[in-house]
Amino acid sequence: MDMQHRIRQLFQASIETKQQALEVLPPYIEQASLVMVNALLNEGKILSCGNGGSAGDAQHFSSELLNRFERERPSLPAVALTTDSSTITSIANDYSYNEVFSKQIRALGQPGDVLLAISTSGNSANVIQAIQAAHDREMVVVALTGRDGGGMASLLLPEDVEIRVPSKITARIQEVHLLAIHCLCDLIDRQLFGSEE
């Protein structure tokens, strides 16, 4: 097995998926950034959730807002619902794993807040319940999905935004999700604090 050849194949596959995403995603990423900035300007916050690698993405996004992205600026209110192991395990034990995010949203979410819901398949049951809880709390949802959008896509309201990666391969979807998250962070900073150029 030629490992370097395989590495080149993987890089090329990632580049091709990002090129396909470039053709379709910019309007949705822009709209998602506007939704998030509107919430932040109106004293709202952004909650985020996902499973596995998507949980890591939720935490990555939250940390970029709470700390900083590429410039010095004030901290922005963002909470990853994936980080409190005591809360997650108690909800999973006493109720079900499907409710680990929705119960937190019902407690923490307020009208005008935003939920960043991340699932490569769009079919994660606990993320679907999170979206339902966010709507109950009059929050706007930004969904990062892939494939056909799954069950998440059918739940979204007109004011929600879906950023659906045009791929069926989990790793490629995750790679574009991370790029989309970095785009959102950049656009949020530029809209709130101006361009650095």
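Each Cβ is built from the backbone N, Cα and C atoms, and glycine gets one as well.
What you are looking at is a predicted structure, and each value in this text was computed from that prediction instead of being measured.
For reference, Swiss-Prot has these:
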type	residues	note
DOMAIN	36-197	domain 'SIS'
BINDING	Asn51, Gly52, Gly53, Glu64, Asn93, Asp94, Ser119, Thr120, Ser121, Ser124, Gln174	substrate binding site
BINDING	His60, Glu64, Gln174, His182	Zn(2+) binding site
Cα separation, His60 (Zn(2+) binding site) to Asn51 (substrate binding site) (Å, whole number):
13
Return only the integer: C-alpha distance in Å from Asn93 (substrate binding site) to His60 (Zn(2+) binding site).
26
Taking the domain 'SIS' (36-197) alone, what is its mean pLDDT?
98
Neighbourhood of Ser121 (substrate binding site) by C-beta distance under 8 A, where only residues 6 or more apart in the same chain count
Thr145, Gly146, Arg147, Gly150, Thr170
Can you figure out which of Gly53, Ser119, Gln174 (the binding-site residues) comes closest in space to His182 (Zn(2+) binding site), comparing Cα atoms?
Gln174
Quick tally, other C-beta within 10 angstroms, Asn51, Asn93, Ser119; top of the binding-site residues is Ser119
Translate the DSSP assignment of Asn93 (substrate binding site) into the three-state scheme.
helix
What is the number of other Cβ atoms found within 10 Å of the Cβ of Gly53 (substrate binding site)?
16
Within 10 angstroms of the C-beta of Gln174 (substrate binding site), what count of other C-beta atoms is obtained when all protein chains are considered?
22
Span of Asn51, Gly52, Gly53, Glu64, Asn93, Asp94, Ser119, Thr120, Ser121, Ser124, Gln174 around substrate - largest C-alpha separation, Å
32
About how far apart, in whole Å, are the alpha carbons (Cα) of His60 (Zn(2+) binding site) and Gly53 (substrate binding site)?
10
Sequence-distant neighbours of Glu64 (Zn(2+) binding site) in its chain (C-beta under 8 A, six or more apart)
Ile181, His182, Cys185
